[in-house]
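Trainee: Below you will find the structure I want to go over with you.
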Amino acid sequence: MVKTQRVVITPGEPAGIGPDLVVQLAQREWPVELVVCADATLLTDRAAMLGLPLTLRPYSPNSPAQPQTTGTLTLLPVALRESVTAGQLAIENGHYVVETLARACDGCLNGEFAALITGPVHKGVINDAGIPFTGHTEFFEERSQAKKVVMMLATEELRVALATTHLPLRDIADAITPALLHEVIAILHHDLRTKFGIAEPRILVCGLNPHAGEGGHMGTEEIDTIIPVLDELRAQGMKLNGPLPADTLFQPKYLDNADAVLAMYHDQGLPVLKYQGFGRGVNITLGLPFIRTSVDHGTALELAGRGEADVGSFITALNLAIKMIVNTQ
């Protein structure tokens, strides 16, 4: 019999739709135990607002994990700093959000949990609370002391990884170095094999410049940096196609023969993916010593507590994490 695994969930910003979505997740059975790192009253109040049943059972790390039954969640309690009104940010709760992320991350690092699924956070309120915070990806990279992580978003049809993440456009060309590309492609290739079960990953690589530099007439980063790195990695046996112009890469001619796309920067690759599958996408952090997936949307403060939030991305993120757990066993 396969051992039941525990996954930990952080609902994210307490005034947003994250708690709503977690309550909605509880309305179905799951083959894993869902441990929610959150304030108990927050969850029960939000369930009452949505008119949905919810029973919280205490987290017992020394007991065997049990598949989650309908209407229940396992609670790993973290107390709010301020009471919550749905849709209204409270600066002190920025500390609460970071505490949930830290506890969940530490639990993955010490083997308590097989995966971490994160709800949407509000970066502004965390920074307003005096906590420098760029995003989940960078937070988990630092806390886990990972050498390097890679952000990848995925739908059922498309996976897009990023060579750089949250950088201003003016800084991107300088950031695309041979060392960076070697690291990013190695991590992407490794995790596609180990976490996604793809024996020989096929990766499409975007150029940085329009028309992938047009032979050096629209920038030389392809000639100076990207092509030499790809040639070296191909010589090691990796299946890499590129650099290709980003404006023509995202079509069936190329995508039908690829397992993932590597974009050079955030807004090069993600608009295509989000247009194609918004609400069904999943954010995955590659390179961490544990599995981490996330929703692909924001806090939607205006929908909190109204019963109008779509749980689809959270369900997809959880299902993908479960598949990744199976692939790594």
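Cβ atoms here come from the backbone N, Cα and C positions, even for glycine.
Marked as substrate binding site by Swiss-Prot: His136, Thr137, Lys274, Asn283, Arg292. Taken from Swiss-Prot, the feature divalent metal cation binding site applies to His166, His211, His266.
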Trainee: Just give me the nearest neighbour of His166 (divalent metal cation binding site) among the binding-site residues His136, Lys274, Asn283, Arg292, Cα to Cα.
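Mentor: Nearest listed residue in space: His136.
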Trainee: Can you see whether DSSP assigns His166 (divalent metal cation binding site) to helix, strand or coil?
Mentor: coil
Trainee: Can you tell me whether DSSP puts Arg292 (substrate binding site) in helix, strand or coil?
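Mentor: Assignment for Arg292 (substrate binding site) reads strand.
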Trainee: Since the record lists His136, His166, His211, Lys274, Arg292 as binding-site residues, which of them has the fewest other Cβ atoms within 10 Å of its Cβ?
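Mentor: Checked His136, His166, His211, Lys274, Arg292; of these binding-site residues, fewest Cβ neighbours within 10 Å: His166.
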Trainee: Give me the non-local Cβ neighbours of Thr137 (substrate binding site): same chain, 6+ apart in sequence, Cβ-Cβ under 8 Å, ordered along the sequence.
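Mentor: For Thr137 (substrate binding site), the qualifying residues are Val149, Met151, Thr165, Thr285.
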Trainee: Here are some binding-site residues: His266, Asn283. Which one has the most Cβ atoms within 10 Å of its Cβ?
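Mentor: When each Cβ's neighbours within 10 Å are tallied, Asn283 tops the list.
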Trainee: Where His136 (substrate binding site) and His266 (divalent metal cation binding site) are concerned, what is their Cα separation in Å, rounded?
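Mentor: For His136 (substrate binding site) versus His266 (divalent metal cation binding site), the Cα atoms are 15 Å apart.
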Trainee: Given the binding-site residues Lys274, Asn283, Arg292, which one's Cα is the least distant from that of His211 (divalent metal cation binding site)?
Mentor: Lys274
Trainee: If you run the three-state DSSP split on Asn283 (substrate binding site), which class comes out?
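Mentor: SS state of Asn283 (substrate binding site) = strand.
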Trainee: List nothing but the largest Cα to Cα distance in Å, as a whole number, among the residues His136, Thr137, Lys274, Asn283, Arg292 that the record says bind substrate.
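Mentor: Answer in Å: the longest Cα-Cα distance is 19.
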Trainee: Between His266 (divalent metal cation binding site) and Lys274 (substrate binding site), what is the CA-CA distance rounded to a whole number of Å?
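Mentor: Checking the Cα atoms of His266 (divalent metal cation binding site) and Lys274 (substrate binding site) gives a distance of 12 Å.
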Trainee: Is His211 (divalent metal cation binding site) helix, strand or coil when read with DSSP?
Mentor: helix
